[in-house]
Amino acid sequence: SQVGMVLNLDKCIGCHTCSVTCKEGMEYAWFNNVESKLCEHCLNPACVATCPSGAIYKREEDGIVLIDQDKLCISGCPYKCIFCYPRIESGQPTVCSETCVGRYLGVLLYDADRIEEAASTEHETDLLYERQLDVFLDPNDPKVIEQAIKQGIPQNVIDAAQRSPVYKLALPLHPEYRAADAGELGSNGILPDVESLRMLSAGDTGPVIRSQTVEGVTDTRALEEVGLTEAQAQEMYRYLAIANYEDRFVVPSSHRIDAINITEVR
């Protein structure tokens with residue numbers, strides 16, 4: 001299982017609250033410029049593999065990537081965060097998420113055996129989008145639940161994955177979570193412009209094409225093109241516009257005592 005975060009950049013107003021709370025809450029280095037990005041806590045982090053001293057490691061129970069302060073390793077990313085793991089362990093969201101209106105936290109179940117296959121695609125655009133989705137598992141699938149229990153994943157983590165806003169909305173990719181620059185409209189007047197979404201799928205525009213009309217009449221043509229139902233679109237609206245606290249943050253308390261010490265495995 002992996003704890004994941006989603007940022008809705010449409011709601012970012014540059015208020016600096018995320019950086020201020022990180023500075024005050026973690027007493028950690030911070031930067032003057034608003035940077036709505038953070039350590040990705042990757043499923044297969046390259047920094048862990050390249051650190052010569054083995055000081056960087058990925059936690060087994062929640063997938064958070066940390067640096068062992070008793071060892072020496074220069075982080076390749078100046079924005080390295082610890083994902084507020086003491087708060088995550090107690091079932092609380094990160095401080096930046098709790099003070100930001102556009103952040104969502106939740107649990108994802110994934111198949112670690114598929115990571116190498118997804119990363120080994122010969123060409124960047126060859127099913128990159130589909131391969132990424134194949135890594136993540138449906139938490140409502142009985143077979144997935146059965147296998148997760150066999151792997152020692154606690155029931156409360158499985159329950160959290162089933163209610164996870166990250167699984168429901170972030171995957172597959174939606175333009176509402178775009179990482180492209182805002183402030184410009186394409187020639188067709190659609191925001192975001194399809195051309196701006198190419199970065200989400202290595203240049204392949206097919207998977208990220210979306211359209212929306214607001215005319216007081218339900219137009220399902222765009223939904224049919226992307227394989228969404230009207231109910232799913234309504235659910236997206238609920239999460240993106242009027243979500244409650246418990247909808248945005250679904251973080252199970254940690255079972256760290258049951259987790260394998262991944263530093264020993266490494």
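Along the chain as shown, the residues are counted starting at 1.
Backbone N, Cα and C define each Cβ position, glycine as well.
Binding of [4Fe-4S] cluster 2 is attributed by Swiss-Prot to Cys22, Cys81, Cys84, and within the candidate set Cys12, Cys96, Cys100 the record adds Cys96 to that site.
Note: the CA-CA distance between Cys81 ([4Fe-4S] cluster 2 binding site) and Cys39 ([4Fe-4S] cluster 3 binding site) rounds to 6 Å. Comparing the Cα of Cys12 ([4Fe-4S] cluster 1 binding site) with the Cα of every entry in Cys39, Cys42, Cys96, these being the binding-site residues, the smallest distance points to Cys96. For Cys100 ([4Fe-4S] cluster 1 binding site), the spatially nearest entry among the binding-site residues Cys22, Cys39, Cys42, Cys47, Cys51 is Cys22, judged by CA separation.
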